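Here is what TrEMBL records for this protein:
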REPEAT    112-143  repeat 'WD'
REPEAT    157-188  repeat 'WD'
DOMAIN    253-578  domain 'WD repeat-containing protein 75 second beta-propeller'
COMPBIAS  681-711  compositional bias 'Acidic residues'
REGION    681-715  region 'Disordered'
Amino acid sequence: MDGIPIKTFTVGSKLLALYALASSEDSVFVVIPKSGERDTFQLVSVKLTKAAGQDLEAKELSVVLHGVGASPKSIAFGREGEYVASVKDLNLQVYFFKQKQLNRFSLSAVKTKGGNNHFTCVACHPTEDCIATGHADGKIRLWRNFYHKKEYTFSTLHWHHDTVMDLAFSIEGTSLLSGGVESVLVLWHNGSDCRKDFLPRLGSPIEYISMSSDGALCCTLHTDNRITIINSNLRFSKCIQGLIKTMDVKTGLVVDPRTKALVLNGEPGHLQFYCLQSDQQLFSLDIVQRQYIHQAGLKQTDLVKVAFSAQGKWLATVEERDEVTDPELQLKLWFYDEETQSFKLNTRINMPHEDHVTDMCFRDMDELEDDSLILVTAGRDCVFKVWVMVEDTDPEAQQSVSWNCDFVGSYHNYQATNCCFSEDGSVLAVSFEETVTVWDSVTWDLKCTFCHPPGKIRNICFGRLTCSKYLIGATDHGFLCCWNLLSCALEWSAHLNILVLQPDPLSEYIAAVSWLSKESSLFVFKPNEPRPIYIQRNLCKEKIQLAAFIPRDEPETVGSEKYLWLRRSQLFFLTDTQELMTLSTKSLEERLTPSSKQLAVEESLPVTPFSLLLGKHRCQQSQQDIDLGKRVVQNKHEQDSPAVKELLHTPAHVLPSASFLCPIFINSLLISKENKSAEVAADEVEMESEKAEDESDEERDITEMEQEDTSPMELLGEMTCKLSKSQEKELRKIRKTDYSWISAF
């Protein structure tokens with residue numbers, strides 16, 4: 001059993017396979033849910049039918065093992081596919097294909113020293129009858145003689161202090177690799193507890209381990225969406241890192257005004273600045289500045305809130321640590337240093353609020369950033385606080401300015417939940433449970449209040465540009481409300497369970513994402529119009545928790561009016577499974593080959609006689625094609641296929657599925673009927689001309705031989721030799737030969 005077949009298949013008419021594990025010549029082993037049960041899975045053998053197509057329906061299947069784990073690392077096949085081992089909870093079961101025998105082993109009957117002995121992963125030795133299992137207590141057990149139910153033996157290896165997440169044998173079977181939450185790859189030599197090597201500080205817990213077919217490389221997949229390539233001598237080789245996956249994105253999706261990067265939680269205690277165009281992490285900023293300890297149940301300091309000033313010169317962060325009695329809170333203000341091109345800590349404020357900080361925002365005014373920059377924080381201690389910059393009078397202070405609290409506001413002792421400034425910065429809106437309050441940002445007088453019971457205010461935002469007089473709010477009881485600030489009245493309301501409310505900073509449009517009947521839907525509207533301009537039902541099956549508008553470098557050309565809201569900004573979503581998605585008006589082929597990523601041949605390549613000859617041939621070939629008025633297939637293939645470009649120049653971890661790329665690749669290889677007919681017509685003209693030339697070649701050759709002048713100057717080579725018609729004909733055929741394959745070198 002080696003490899004997984006490329007063909008896709010369904011089991012029955014409704015039941016789909018979860019994943020394929022291994023394959024033989026005529027069958028494939030897959031894990032599927034047990035019929036009629038939700039959380040029970042089974043390993044089945046599916047007999048493949050001979051079909052020419054890529055997709056087929058598998059009708060014949062036989063159950064191999066019942067009650068298997070849902071993870072691929074809970075099942076492993078033994079040497080030469082003679083048996084399969086499966087682990088789940090406290091049970092290990094081994095099925096022998098030839099003998100059709102099933103042996104079960106349970107750790108509950110084994111005398112152990114206590115602890116959590118649940119099985120977490122399994123791996124089989126490639127050449128010997130040995131099964132390695134990982135456990136939740138950090139132990140590794142090597143099982144032998146498992147052909148016999150009563151005479152089996154096992155030995156124990158122990159280094160990990162927590163769950164063993166995955167195991168992998170080397171190709172020769174001389175060593176065993178293990179990984180867990182410690183972010184350390186452990187290499188066990190010959191199954192010995194005394195001989196082991198380590199590769200530490202891999203960044204995050206190791207979730208999967210895989211060996212290359214030749215044994216030269218090892219690959220580890222980490223919980224933060226990172227892939228690490230490691231040499232066989234346990235030396236770090238390369239890291240593939242896209243968007244870092246975290247346990248919970250508490251900071252939300254924030255846009256850095258300076259780089260237009262997406263900013264959110266990264267490594268524990270860090271902020272990641274992620275470039276959406278290049279799918280790369282620009283840099284990671286250590287906010288907490290403490291060593292993170294990978295231990296379950298340990299309360300550690302976490303980053304929860306982030307806000308940027310309008311120009312990106314200032315960054316505000318809030319970090320907290322949950323305690324049984326009182327939480328530990330810190331508000332930090334960072335200033336961007338142009339010399340070092342990084343943020344430097346300016347002010348640290350311990351316990352800015354007596355309870356958790358619920359929201360934070362800067363006054364978003366470009367012209368006032370240097371003069372009167374304001375930061376507002378809201379907390380569960382029933383107040384919001386206004387922070388301003390003041391000159392530091394301490395002569396020993398390293399910073400010329402620092403931040404102090406200037407005003408504290410409250411409303412009937414209600415918890416402050418959200419805050420935001422209007423576009424011109426003149427008023428501040430703060431929500432207190434079911435009430436929205438509006439404050440003057442100069443005098444801090446309470447101007448008006450809006451209330452729409454029942455339900456607490458979940459999100460609030462101001463309209464922009466022509467809709468700046470409107471205030472939008474969403475409640476947790478399923479209402480979307482729009483208030484007019486001039487008339488202090490409710491303009492309109494809609495019954496929608498809005499989870500995300502995100503305004504576009506460059507237009508009047510506001511995006512609202514609802515969650516209903518286990519599906520997320522998108523509504524885009526202007527506050528002055530109660531009817532949405534764009535509705536996308538069933539946007540995805542996952543719950544969308546966060547969204548952000550990313551400004552475009554250049555406005556995009558939009559063909560339809562309903563997509564005008566995507567002209568200047570692009571909307572991105574983050575689901576509860578931490579999948580980042582976006583909406584696009586372009587087709588898949590256009591998105592795969594953006595003009596900014598077109599690759600050109602480097603001009604710095606050395607010039608050689610061969611390259612000069614090849615360049616001259618290409619010029620002659622293109623000129624002949626123009627003269628004949630035909631479009632050759634070579635020129636068509638010189639325009640690389642979008643699918644090929646995507647496969648060659650895009651990181652593998654962000655490639656679309658093969659089902660999307662294959663149709664584009666196949667279509668790029670097809671020749672249209674118009675081109676084909678033009679080529680056929682040109683070939684017929686060329687055949688007629690060659691036939692006419694053949695009839696007169698013999699007569700012309702005789703005439704040329706009689707007119708030859710063997711003068712001394714020609715014999716010395718100072719005059720150009722003339723070719724006969726037959727020689728010119730042969731040369732013309734050589735020139736028409738396709739040498740495009742040379743360009744591959």
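Along the chain as shown, the residues are counted starting at 1.
In case you wondered, yes, glycine gets a Cβ from its N, Cα and C as well.
All annotation found in TrEMBL is predicted automatically rather than curated by experts.
Fair warning: this is a prediction, and the values are worked out from it, not measured in the lab.
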Helix, strand and coil residues within the repeat 'WD' (157-188) as assigned by DSSP: 0 helix, 18 strand, 14 coil
Residues from the same chain, set at least six apart from the ends of the repeat 'WD' (157-188), whose C-beta lies under 8 A from its own: 73, 120-128, 130, 132-142, 195-211, 213-215, 218, 220, 222, 230, 232, 234, 294-296
For the repeat 'WD' (112-143), the number of residues DSSP places in helix, strand and coil: 0 helix, 16 strand, 16 coil
Taken over the repeat 'WD' (157-188), the model's mean pLDDT: 93
